[in-house]
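Engineer: The structure is given below, and queries will be raised subsequently.
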Amino acid sequence: MMSSKEHLSGILSNDDDLDRACRSIPKESCQEASKNFTINVCNGAASKLAEQVAGPNLILPWLFQLLGTPVWMFGFLMPIKQSFSLLPQMVVAGQIRKLALRKWVWVVAAMVQALCLLLMVPVALWLSPVSAGFSLLGLLVVFSTASGAASVAFQDVLGKTIDKGRRGRLLARRALVGGLLTTAVGLLLNRYREVEQGLSAVLVLLFAAAMLWGLAALFFALIREFPGAVKGGRNAFLELRSGLSLFRQYPGFRRFLLARSLLLSVELATPFFVLHAGQLLHLKIQSIGSLMVAVGVSQVLSSPFWGKMADQTSKRVMALSSFIAFVAAMLAIALTFISTYSLQYAGYLLVFMLVGLAEAGVRLGRKTYLVDAAPAEERATYTAFSNSFVGVIAMMSGITGLVAQWLGASVMISVIAVFMLLGYWACKRMPEADVMLRR
């Protein structure tokens, strides 16, 4: 007979059969799966909101504009975030094998991220524009490196605590709650009308995001993770060799890496859409709140859809997301030929809804795909190698800021759109996750 407490946990975790056997996790982990699902969703609510409240796609560019930092620095925000969150993962993956409990890696990383955000407040208040810009970029490097360590740990803990077939729904639930909270914050930001208030609002957001990372760390510490194998710890060089061996062995893994590299165009595109919208519509500072609302609404609307689809075929999620991003890019370019301001403004809100929809799908799809495809004992290696591989591509993308400055945002969006379409083609050629390791 199921107790009321177990029943409530089942409702919160969307578990229709609490007594069913788990297919891909041990029995003791299966017994804690419903509680872990709920705690993981709470962790996602805090961390997803923190990412939107103080991220390099919307809020940090806003802060740079308020401080008057050099324009060329804007182009390095997303490349730094992507490359430094991805490249160090090879080192982390080699060391995380030595830990029986991997959740503490995520907890420590979240606290480092919180500290970086707190340090951004005095930097913004006391340093000159140029010094503040360099300092903020430096803190973003540390922040992103911690984020990369957390990513490896999260994938591993997810694979150990949540059964295959429910991971997509978990990631979708995290995105859904985060989207609801992001929408609420965006509506609040619309109340700020002056530049001075805008700076105050950003500093408050930085502090709030730091507190949210602390709360996320607390939730993740509550996840019931059982000790795993600690054999096979390797240094970064051996981890790289292992990853290269997997790369050579499995054509399906190579196709996944090609698709994910091309899908980087979706995740790096947002600042260029912000730049293009600013040039086209002459947006004021408070308009960032409207853009946050558009992104938040798209996450709310898309999360249940992406989650169910990812549990069936994460490959299709990645392909469809790339195509949606391509449509958003084409719409943004088309808006330059419309003379009515109200139509342009409404059209760009739709662009950001589509971009938010595509970003959520790409992230959920690629995470679910790799967790489902990689064997448990090598999951950290697959995750770290793929992230490091894409990190190299992201680092080279730093030049896009200079290209946009020379050729204009419209040309840059057109170039990105080509890569989005290529990403759609690459996703269609990928095998399903279950057969990625077939030769």
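Just so it is clear, glycine is given a Cβ too, placed from its N, Cα and C backbone atoms.
Predicted automatically and left uncurated, TrEMBL annotations should be read as such.
Pulled from TrEMBL, these are the listed features:
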- 202-439: domain 'Major facilitator superfamily (MFS) profile' (DOMAIN)
- 59-80: transmembrane segment (TRANSMEM)
- 104-127: transmembrane segment (TRANSMEM)
- 133-154: transmembrane segment (TRANSMEM)
- 175-192: transmembrane segment (TRANSMEM)
- 198-223: transmembrane segment (TRANSMEM)
- 257-275: transmembrane segment (TRANSMEM)
- 287-306: transmembrane segment (TRANSMEM)
- 318-339: transmembrane segment (TRANSMEM)
- 345-362: transmembrane segment (TRANSMEM)
- 382-400: transmembrane segment (TRANSMEM)
- 406-427: transmembrane segment (TRANSMEM)
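So that I understand the layout, could you describe where these features sit and how close they are to other parts?
Structural biologist: Under 8 Å from some Cβ of the transmembrane segment (104-127) lie the Cβ atoms of residues 47, 50, 54, 63, 67, 92, 96, 135-136, 139-140, 142-143, 146-147, 149-150, 152-154, 157, 199, 202-203, 206-207, 209-211, 213-214, 216-217, 220-221, all in the same chain and six or more residues away from its ends.
Long-range neighbours of the transmembrane segment (133-154) within the same chain, counting only residues 6 or more positions beyond its ends whose Cβ lies under 8 Å from a Cβ of the stretch, are 56, 60, 63-64, 67, 69-70, 73, 76-77, 80-89, 92-93, 96, 102-103, 105-106, 108-110, 112-113, 116-117, 119-120, 123-124, 127, 380, 383-384, 387, 391.
Beyond the ends of the transmembrane segment (257-275), by six or more residues, the same chain brings 56-58, 61, 74-75, 77-79, 82, 247, 291, 318, 321-322, 325, 328-329, 332, 348, 351-352, 355, 358-359, 362-363, 366, 386, 389-390, 393-394, 397, 400, 404, 409, 412-413, 416, 419-420, 422-423, 426-427, 429-430 to within a C-beta distance below 8 angstroms of the stretch.
Same-chain residues lying 6+ beyond the ends of the transmembrane segment (382-400) with a Cβ under 8 Å from its Cβ atoms: 75-76, 78-80, 82-90, 92-94, 148, 151-152, 155-156, 239-240, 242-244, 246-247, 253, 256-257, 260-261, 264, 268, 272, 370, 373-374, 412.
Residues 255, 258-259, 262-266, 268-269, 272-273, 275-276, 279, 315, 318-319, 322-323, 325-326, 329-330, 332-333, 336, 400 of the same chain, all 6+ positions outside the transmembrane segment (406-427), place their C-beta atoms under 8 angstroms from a C-beta of that stretch.
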Engineer: Could you pull out which residues elsewhere in the chain have a CB under 8 Å from any CB of the transmembrane segment (345-362), counting only those six or more residues past its ends?
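Structural biologist: Apart from its flanks, the transmembrane segment (345-362) reaches 175, 179, 263, 266-267, 269-270, 273, 277, 280-281, 290-291, 294-299, 301-303, 306, 317-318, 320-322, 324-325, 327-328, 331-332, 334-335, 338.
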Engineer: Six or more residues beyond either end and a Cβ under 8 Å away: which residues meet both conditions relative to the transmembrane segment (287-306)?
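Structural biologist: Long-range Cβ neighbours of the transmembrane segment (287-306): 52, 58-59, 62, 168, 172-173, 175-176, 178-190, 192, 274, 277, 281, 317, 321, 349-350, 352-357, 359-361, 364-365.
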Engineer: Mean pLDDT, the domain 'Major facilitator superfamily (MFS) profile' (202-439)?
Structural biologist: 83
